[in-house]
């Protein structure tokens with residue numbers, strides 16, 4: 001008899017974004033001419049930077065030339081890209097990260113799930129609430145949780161609320177946890193963490209022998225110079241943290257696929273036999289076995305991000321989306337919405353009006369305004385009564401969406 005991984009049966013309904021798509025498609029089936037504007041899923045809309053396109057075009061020519069053709073590349077990524085990442089994203093900010101500690105991949109989403117391959121099932125796990133659903137769902141799939149309760153919380157997980165009631169600060173848990181997921185700038189709330197706040201987490205992790213999974217996919221949107229871009233800016237973080245980054249949002253690589261994970265070589269855990277085990281070695285083994293690397297063409301495009309032209313072009317992209325976020329904040333606040341985030345992050349977190357549930361507000365915006373956002377409850381129980389609006393869209397669409405919403409709620 002064939003057995004399935006029955007942990008999948010514990011997953012609550014559909015993954016958040018497919019459920020949004022189901023509702024939108026149902027509405028469009030009845031209203032095929034509705035001018036839908038999507039400010040929900042965090043997908044970019046603006047073209048790839050010219051520097052990246054030109055580098056990829058040249059790489060395509062390389063693939064057509066026997067002398068420059070590339071077959072299988074290093075599973076960890078080409079050295080020339082890893083060296084650029086180390087120099088520009090870490091060493092330039094005072095972080096002692098070596099190129100060999102960087103693993104290039106096809107997405108931070110994939111890596112935050114795949115990293116569980118090198119950890120056992122008996123770890124205690126902490127996530128913020130609300131939270132990027134992938135952190136929770138991948139742990140459910142891997143058998144690290146119990147069943148979900150009526151609020152959607154899974155047994156075996158420690159939930160750390162980040163809401164307006166605590167100024168969106170992730171409080172250190174009173175109990176000991178082994179694996180900690182942190183994402184700053186935060187998805188979905190748009191909240192940021194100060195150096196002092198992150199240092200407290202690093203100190204907690206070192207004291208308790210914990211590992212922090214730090215998702216910095218949105219660090220490029222930080223404009224406040226006092227805020228850390230990497231957890232490795234904090235003292236001791238190399239001893240307790242793995243960081244995930246992506247080219248998806250800063251360089252528009254959502255459809256091109258390139259990211260990277262940093263696993264410091266001095267990061268160790270103790271095996272059941274008392275032996276200290278290097279996590280870098282485990283992750284390197286995992287990637288070498290299960291991953292064939294990102295394509296040469298895409299990696300050349302990612303390398304171009306670090307050129308002088310590339311840096312200028314991605315700054316233009318980031319500024320564009322941040323201005324969209326500023327417009328969303330300003331327009332919604334003008335008609336009385338309580339609005340958070342959207343300053344050092346591309347997401348605006350909105351309190352739903354008149355006591356509406358997150359999904360009721362979703363339906364109201366869809367039906368009355370033909371605008372799609374993301375229900376806060378889809379990110380966890382503490383997200384109920386909130387709504388995420390993404391700045392990733394054209395200026396024209398953002399302005400039109402705000403016009404529709406402010407007209408409906410003024």
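Using N, Cα and C of the backbone, Cβ positions are placed for all residues, glycine too.
There are 22 other CB atoms within 10 A of the CB of residue 42 (substrate binding site), with all protein chains counted. In the three-state DSSP scheme, residue 42 (substrate binding site) is classed as coil. Look at Swiss-Prot and you will find 15, 42, 109, 132, 187, 292, 388 tagged as substrate binding site, backed by sequence analysis.
Non-local neighbourhood of residue 72 (pyridoxal 5'-phosphate binding site): 292, 293, each in the same chain, at least six residues away, with C-beta under 8 Å from its C-beta. Reduced to three states, the DSSP call for residue 72 (pyridoxal 5'-phosphate binding site) is coil. If you look up Swiss-Prot, you'll see 72, 108, 109, 132, 187, 218, 246, 247, 248, 257, 292 marked as pyridoxal 5'-phosphate binding site.
Note: residue 249 (N6-(pyridoxal phosphate)lysine) has non-local neighbours 42, 44, 217, 218, 220, 221, 321, 346, 392, i.e. same-chain residues 6+ apart with C-beta under 8 A of its own C-beta. Residue 249 (N6-(pyridoxal phosphate)lysine) carries neither a helix nor a strand DSSP state and counts as coil. The N6-(pyridoxal phosphate)lysine annotation in Swiss-Prot covers 249 and rests on sequence analysis.
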Spatial neighbours of residue 246 (pyridoxal 5'-phosphate binding site) among the binding-site residues 109, 132, 187, 388 [C-alpha, 10 Å]: 109
For residue 132 (substrate binding site): intrachain residues, at least 6 apart, with Cβ closer than 8 Å: 112, 183, 187, 188, 215, 379
Residue 248 (pyridoxal 5'-phosphate binding site) CB neighbourhood, other CB atoms within 10 A: 22
Between residue 248 (pyridoxal 5'-phosphate binding site) and residue 388 (substrate binding site), the C-alpha gap once rounded to whole angstrom: 19
Winner by Cβ contact number (other Cβ atoms within 10 Å) across the binding-site residues 109, 388: 388
